């Protein structure tokens with residue numbers, strides 16, 4: 001029997017607590033609440049239980065799957081509220097794309113307790129959003145923190161690893177009390193760094209002095225016109241000229257035809273528009289910048305990592321192509337508990353990779369068999385047939 005959801009902030013383990021875990025065994029739909037936010041629009045998709053086409057043990061490897069294309073998917077589960085103050089926060093889950101999502105997300109949102117889970121969706125405040133997101137060629141692993149009511153994206157995108165249809169990937173986020181973050185995908189580190197440095201959570205420590213003005217004599221142009229360079233007297237800039245060889249026709253009547261004018265032709269002496277030669281500016285002193293001063297609005301915060309209330313986890317997704325399976329969700333401060341879930345993924349991953357290789361090899365053999373033989377081989381076959389006759 002698969003392990004059911006655990007929502008126990010008071011469950012003591014070796015060195016920490018499991019705040020929430022879910023393996024989507026029997027009764028999972030009674031522990032999760034479907035959002036009704038998109039029902040009136042007719043764009044709400046459904047989650048269904050599925051292990052996908054490749055699995056080791058169907059019952060053990062069953063998760064929940066986005067079952068329709070071009071739909072919004074909203075689903076959340078609540079648990080007893082807790083704060084991550086003074087301890088590690090580990091958020092981990094599995095995602096498997098049965099087919100290329102084309103445009104859409106596979107991330108989770110974790111936030112404070114909701115009053116009504118049926119309204120869960122884009123307007124719902126959250127603390128952290130974490131997981132893969134892609135649309136066309138734009139691909140990244142999202143990690144967004146809410147700080148003082150503002151959702152703040154990471155300055156630089158993290159690598160996107162959700163490749164290989166039909167195989168599961170495991171995502172782990174660790175938020176530490178020293179305001180650092182570690183992100184692992186498939187048990188490999190893809191990022192580790194500072195929340196203060198890599199997210200614009202705090203105001204800048206320094207700003208440009210608004211009272212500092214550039215000196216009037218400051219030369220910030222590295223190049224200048226050569227004062228010694230003069231346009232040659234014989235330089236011709238006129239692109240067109242009167243055809244000096246043209247003659248007024250003998251039958252031209254000025255009274256009837258108007259005053260005769262010679263036609264214009266391309267000027268054979270034309271050299272193009274003249275421009276003065278550019279030389280290095282001897283007075284150049286560099287690009288001017290206002291001096292930096294302390295930002296009066298900067299306030300340090302040694303607890304940007306801390307959230308007072310975690311009370312739900314949810315999937316709030318739009319997907320052009322459905323088929324994504326989520327499984328083995330855990331929120332804990334105990335790495336041993338997260339590692340135990342990761343072992344489930346590792347065992348499943350080996351099976352999926354082996355079955356994917358079998359399928360890929362079979363497709364390659366079928367493609368090879370369907371390819372007609374080269375012309376030379378075909379001719380040789382004809383010769384053999386003639387010899388037999």
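Note: Cβ is positioned from N, Cα and C throughout, glycine not excepted.
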Per TrEMBL record, range annotated region 'Disordered' [choices 151-205, 206-260]: 206-260
Chain residues in Cβ proximity to the compositional bias 'Basic and acidic residues' (352-368) (below 8 Å; excluding those fewer than six residues from its ends, i.e. six or more beyond): 54-55, 96, 164, 166-168
Site extent for alpha-D-glucoside (largest Cα pair distance over 107, 109, 126, 133, 316, Å): 17
Near-site residues: alpha-D-glucoside, ref 107, 109, 126, 133, 316, CB cutoff 8 A to centroid: 105, 108, 129, 130, 131, 142, 144, 314, 315, 317
Cα proximity to residue 103 (disulfide bond), best match among binding-site residues 109, 126, 133, 316: 133
Same chain, 6+ residues apart, C-beta under 8 Å of the C-beta of residue 107 (alpha-D-glucoside binding site), given in sequence order: 129, 130, 131, 132, 133, 142, 315, 317
For residue 135 (disulfide bond), the one of 109, 126, 316 that lies nearest, given that the binding-site residues are compared by Cα: 316
